[in-house]
């Protein structure tokens with residue numbers, strides 16, 4: 001654009017120079033014509049020869065031609081001046097356009113710089129976006145791997161939770177069975193104590209009767225001594241029998257007391273063991289519940305905890321057991337724990353021994369289980 005503007009300026013200067021040259025030439029030519037006309041007029045006045053007249057006519061014609069040429073040149077000069085004015089206007093217009101073009105060029109240069117800056121910024125942002133996309137892809141892969149690992153861990157925890165729930169149910173059933181056996185053992189002890197008290201009372205009555213017979217024996221005559229002797233022997237036999245039964249009852253009561261001590265000790269140990277297991281199970285269940293909650297939060301799932309279903313089943317099972325337990329206990333109270341025979345406060349020593357043995361065996365089985 002600058003080069004074209006320079007060419008236009010040079011053309012305008014050249015046009016101005018040519019126009020000035022034409023004007024100078026016309027001025028000189030007009031002065032020459034005037035001088036020739038004056039000289040020729042003086043010659044005509046001095047001579048009147050035909051030759052001079054012919055020359056005069058020729059010069060006149062030439063002068064007329066030159067004047068015509070001058071008119072043409074003046075007209076051409078005016079046209080050139082008009083062209084010069086038009087060219088000057090065109091020049092001004094072109095200069096204004098050049099200024100406008102310069103503004104446009106500067107604006108375009110500025111826009112070009114802005115575009116370069118925008119392009120550089122967009123390129124940098126594209127690079128950052130590409131790096132961010134790659135980072136997000138890596139994070140997504142890592143998140144998927146972590147999700148798979150968490151799902152596997154969740155399944156493992158669910159399996160462990162199920163096992164712990166089942167173990168807790170078995171432990172609860174064992175504890176309830178042991179409690180029932182202990183209640184049966186206590187009922188048997190009460191019955192043995194009642195029997196012991198009755199035997200003790202009978203023994204004291206027989207002992208008093210025997211002492212009375214011993215005291216009354218010298219008072220009776222000899223003929224009735226045989227009957228008294230028989231009564232005394234019968235009393236002694238009854239006393240021996242009662243004493244034997246009392247001894248057996250004492251032995252059974254001692255055995256029951258010993259078994260009760262063992263049962264209490266085993267019960268305490270088993271209860272402590274069950275309490276420790278229950279506490280460990282509760283802690284593990286709480287820990288697993290917390291881990292399950294974290295897993296559910298990470299998975300953004302609103303499903304219920306699977307571990308609560310076995311708990312609901314356990315509660316319903318406990319409720320059913322609680323509902324059926326009174327009738328079972330009622331039936332057990334009217335029967336012996338080992339033989340199933342009808343309970344009798346005066347049952348035999350063999351039945352008591354079998355009952356105590358059955359209670360001990362049941363306790364050992366519970367402990368082994």
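Cβ coordinates come from backbone N, Cα and C, glycine included.
Look at Swiss-Prot and you will find 120-154 tagged as repeat 'C 1', backed by sequence analysis. A Cβ distance under 8 Å defines the sequence-distant neighbours of the repeat 'C 1' (120-154), meaning residues of its chain 6+ beyond its ends; these are 291-292, 295, 298-299.
Residues or ranges marked as compositional bias 'Basic and acidic residues' by Swiss-Prot: 125-165 (among others).
Among the features that Swiss-Prot reports, region '3 X repeats, type B' is placed at 132-241.
Residues annotated as compositional bias 'Basic and acidic residues' in Swiss-Prot: 202-219 (among others).
Taken from Swiss-Prot, the feature compositional bias 'Basic and acidic residues' covers 228-243 (among others).
The feature compositional bias 'Basic and acidic residues' is assigned by Swiss-Prot to 257-271 (among others).
Taken from Swiss-Prot, the feature compositional bias 'Basic and acidic residues' applies to 292-301 (among others).
Per Swiss-Prot, the feature repeat 'D 4' maps to 293-298. Here the repeat 'D 4' (293-298) has a mean pLDDT of 72 out of 100.
Sequence annotations record features per position, and here Swiss-Prot assigns compositional bias 'Polar residues' to 319-338.
What Swiss-Prot lists as motif 'LPXTG sorting signal' is 336-340, and the listing cites sequence analysis.
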* Secondary structure content of the repeat 'C 1' (120-154), with strand meaning DSSP E or B -> 35 helix, 0 strand, 0 coil
